[in-house]
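Have a look at the structure below, then the notes.
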């Protein structure tokens, strides 16, 4: 099985919250696509609660678009990581990490302004696969934690696993 880019970085040295360019590529027509690792939690030490990350998924996607789309950038998708330590964001364009970090913080401020669970987008049986598994309070706790800790930038060069380590891990 081919080694995915996300498994070539040392998760024991990752900071959180932090932005990292996980991958860049170009379409056959020359459009740049960038995938960002938006790391909310320190891997193997913290995890977002399932109800909170699910609610955040519904809120974060719209709020990030409000703050990041434009000037050559259009978000394709924002999805939670299976490990519940962050989100992957795929977009058209190549914004720098600081622009993404600023949009992320603004989106977290927006999450804190949501006053009622009824304001969560697509929170119904028709548009959500687990519509009863939500917690606005947990989502706001996550947002508050991001803002209190601030958002840093993780560097692929600093986090790269040495080839020897990858061989040792039989990858």
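Using N, Cα and C of the backbone, Cβ positions are placed for all residues, glycine too.
Positions annotated as Fe cation binding site by Swiss-Prot: 54, 58, 128. Cβ neighbour count for residue 58 (Fe cation binding site) (all protein chains, 10 Å cutoff from its Cβ): 18. In the three-state DSSP assignment, the secondary structure recorded for residue 58 (Fe cation binding site) is helix.
Counting neighbouring Cβ atoms within 10 Å of each of the binding-site residues (54, 128), the lowest count belongs to 128.
Note: the Fe cation site is recorded as 54, 58, 128; in the same chain, 55, 57, 120, 122, 123, 130, 131, 133, 134 also have Cβ atoms within 8 Å of that site's Cβ centroid. According to its DSSP assignment, residue 128 (Fe cation binding site) is coil.
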